[in-house]
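Among the features that Swiss-Prot reports, N-acetylalanine is placed at 2, with the record citing experimental evidence. The domain 'EF-hand 1' annotation in Swiss-Prot covers 13-48 and is backed by a curator's inference. Under the heading Zn(2+) binding site, Swiss-Prot lists 21, 31, 92, 96, citing similarity to another entry as support. The Ca(2+) 1 binding site annotation in Swiss-Prot covers 24, 29, 32, 37 and is backed by similarity to another entry. What Swiss-Prot lists as domain 'EF-hand 2' is 55-90, and the listing cites sequence analysis. Marked as Ca(2+) 2 binding site by Swiss-Prot on the basis of similarity to another entry: 68, 70, 72, 74, 79. Summarising the annotation, Swiss-Prot assigns pros-methylhistidine to 107.
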């Protein structure tokens, strides 16, 4: 799937895959994220993710351990997508936070704003 073709959602999916591989190919196995790759991805491509926690190193370690379901100290694409799913859900909830219409359907400030 080319980045310039397809629907907005298809392009978004392609972007997520491409960003994952941008980091997974740096060291070790080309299809998993090690701790350094995961940390770099979160710090560079999810800069607002740990904004409140001030990029707490222990929190990053704990998140990776929680996602690493097979305990191989690597995150597969599937394991990493568990984080993306949780972030998307949290962002969706934040969009509706303090909105008098709730989920009936107006959006406030999104994630990272």
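From the backbone N, Cα and C atoms, a Cβ is placed for every residue, glycine too.
When Cβ-Cβ distances below 8 Å are used as the criterion, the domain 'EF-hand 2' (55-90) is approached by residues 16-17, 20, 24, 28-29, 31-35, 38-39, 42-43, 46, 49, 111 of the same chain, each at least six residues removed from its ends. When each of the binding-site residues 24, 32, 70, 74 is scored by how many other Cβ atoms sit within 10 Å of its Cβ, 70 comes out lowest. Per DSSP, the domain 'EF-hand 2' (55-90) is made up of 25 helix, 2 strand, 9 coil.
DSSP states for the domain 'EF-hand 1' (13-48), grouped as helix (H, G, I), strand (E, B) and coil, give 23 helix, 2 strand, 11 coil. The sparsest Cβ neighbourhood within 10 Å, among the listed binding-site residues (31, 37, 68, 79), is found at 31. The separation of residue 29 (Ca(2+) 1 binding site) from residue 70 (Ca(2+) 2 binding site), Cα to Cα, is 15 Å. Per Cα geometry, 32 is the residue among the binding-site residues 24, 32, 92 nearest to residue 74 (Ca(2+) 2 binding site).
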